[in-house]
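Shown next, in structure tokens, is the structure this report addresses.
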Amino acid sequence: MANFFYSRITNRSYSTKNLLNIEDKGRLKDELEKTRQTNICEICLHPRGHRASVCRQILMGFAYTSKTVLEGLLSTMPHDDAPLGKIFVTDLPPYDEQVPQVLLMQAAALVTSYEYSFEDLAYFLVLPLQMALMQKSPSLGKDFPVISGYSITKDSVHSPVAFGRNLMPRGVSCEFPQIDVLYDYRGFLEGGAFSEGVTSFPKETKKPKVAVIGAGISGLVSATLLLRNGIDDVTIFEAKNVVGGRAHTHFFKGEPSVCAELGAMRFPRSQACLFYLLEYLGINAMTKFPNPGTVDTGLYYRGRSYNWKAHSLPPAIFNRVHKGWRTFLHAGFVDGVAAFASPFTLTECLRLRNYEFASSLWQKWLDAFSSETFSSGIERIFRGAHPPGGEKWTRDVDMELFKELGVGSGGFGPVFGCGFIEILRLIVNGYEDNVMLLLDGIEEIPRRLSQQKVGSYSIRDRIIHKEVKEIIRTESGISLAIGEGMHATFDRVIVTSGFTNIQLRHLLTNDDSFFSYDVNQAIENSHMTGSSKLFVLTQNKFWKAEELPSCILTTGVAKAVYCLDYEPDKPSGKGLVLLSYTWEDDSHKLLTFDKGERFQILKRDLAKSYPRFADLLEPADGDYDNNIIQHDWILDPYAGGAFKLNRRCEDVYSKRLFFQPLRLNGEPDGRVCLAGCSCSFSGGWVEGAIQTACNAAMATIRDAGGLISGDNPLTNEFVNYHY
């Protein structure tokens, strides 16, 4: 591609350097330096076409843009009809290894008020610029570059001296470590810990007898790790007659291919440990979960229904809220002169494994927003002096609209009282994007885990279906009261029970003999969220035939409705409607109604917004007993709630619980380790269950005298965040 341009100052023509084929940062830097030395003084143009009076006021600027805009500019410049799309001009070079592309993206969004994607900044042109025209983006902190720039206009288009590809670092992995943990647990599992083992015991060391309480995913992963890594005597206690815990899948009678996820339901692709387990166990049947906006969605607000077509902008009434939230995701938040990293920036730092940047940016959010509820944090950001999107939200309308629209998976109104950081954490960790539905059901994971054979026995053979009552320290070890006057003694115990059981049945927080005061406080005061679901197996997938929305968000009783297709290759097959998925107060008000009454209440409520949908909604074969299923997690005697959700100022509880087995905070060796998603930074998500299982199993082996080879959670230097 040859491009020749004419300089009005030097009265000479010159060609631009085509650097598109250069993919080595060092070589690109050398070529651009040669270009600067050769051309910068000869072709410098003031934006109005005047000769620059002082050459040292001119710098070599980089105009970042998309491939389409680049090709258009090269084919028409320097003529006035040059096509201009989203172009961001800055002094930041395209070969800087220390600056991720995402920082350029956030700076561009802050300076120009546009929303940029990676594709929008994938190419560059080298332009002569006058320094006085540059505008600095707000600083993210002393450890981050101050990026100067401006948005190009018709009047300031200059003839480029070179063009090429943006080689700044960019993350590509869909899986990445969590922001609070910054450790590659998948790498640890993949490195042999979950298969052949990575530990050994000296000959003189007696291997411990270990009990695992709870046969949910965390308990079964803990047991697998113990057995694979040399602990031979492992017993699992499970109070229910099935395995899985909150990974609870209900299969309908006579329909083995359609299942209702009563517990964990959405599985973000960013969860590295979860998808390692799925691959390891050979579970690969999945489809996209029908989150709002990813499918045709119905919205019901103040007595009126609005239709939102898949992958398009939401209805006009939601414009200000949608634009503001999208801008926040990409541009972050500016509070005076301080800028806070956008969630997208933080996520990209995680993808790049740039833990130094990620931890510094996250700590800034923690310092400023840990004491905010989700509601007060949203008001501070969108009703303050510099709201993302440029328009302040109104309290009476926009805040209500945001409660219904939510942050990706639906309305968050019922949990507006939880901590702002807790919800921001979900977004940064990628839990609201690229969410999958497992067609075999999440319970397939614990089922296959329990079928594994290690040594002479399967893990299922090691499960005793009895409830553990009190856990007592004795001179000979840890005694478990398992009912009817029976006791069993173990050297070490891993507890994956819910907090209510740990406190009121196991009595582990009665004193400080097992855990420190701080850990006991975290167990007793962590907030467990109430949640209810009601599913209806339908005769057919009526919403498809009638072109009705596959997802409905309403301000009524139902709150969120999802139509699920477990047999996409079978158009005439049964359908499944999650008629109501509610949290907290919205869940609590339904508790006194049985499933028949509840179904009629929800159907009547839905008829206000989508009467045709309500008319067609009936259980298959008219079987109300078998084809309607509901579950209220706050009433589950062994769960005590659906998932942990931190309130303001309580993120430190997650820190205490997550690191309890590692004893990083001076914990006593009480011979009891905690595990489970509620002991993680991601309550209710499978990822946290697996991470804490790794911590507990490896700590149990270490404390019993085992030797662990290679990188592992016990030797990792975790970031000591201040919550």
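Residue positions begin at 1 at the first shown residue.
Yeah, the Cβs are placed from backbone N, Cα and C, and that goes for glycine too.
So that you can see what the record holds, here are the features copied from Swiss-Prot:
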BINDING   SER218, GLU238, ARG246, ARG266  FMN binding site
BINDING   ARG266  substrate binding site
Position of peak Cβ density within 10 Å, selected from the binding-site residues ARG246, ARG266: ARG246
Number of Cβ atoms other than its own within 10 Å, given for GLU238 (FMN binding site): 25
Around the Cβ of SER218 (FMN binding site), the count of other Cβ atoms that are within 10 Å: 34
Coarse DSSP state, helix versus strand versus coil, of SER218 (FMN binding site): helix
Site extent for FMN, whole Å (max Cα pair distance, SER218, GLU238, ARG246, ARG266): 25
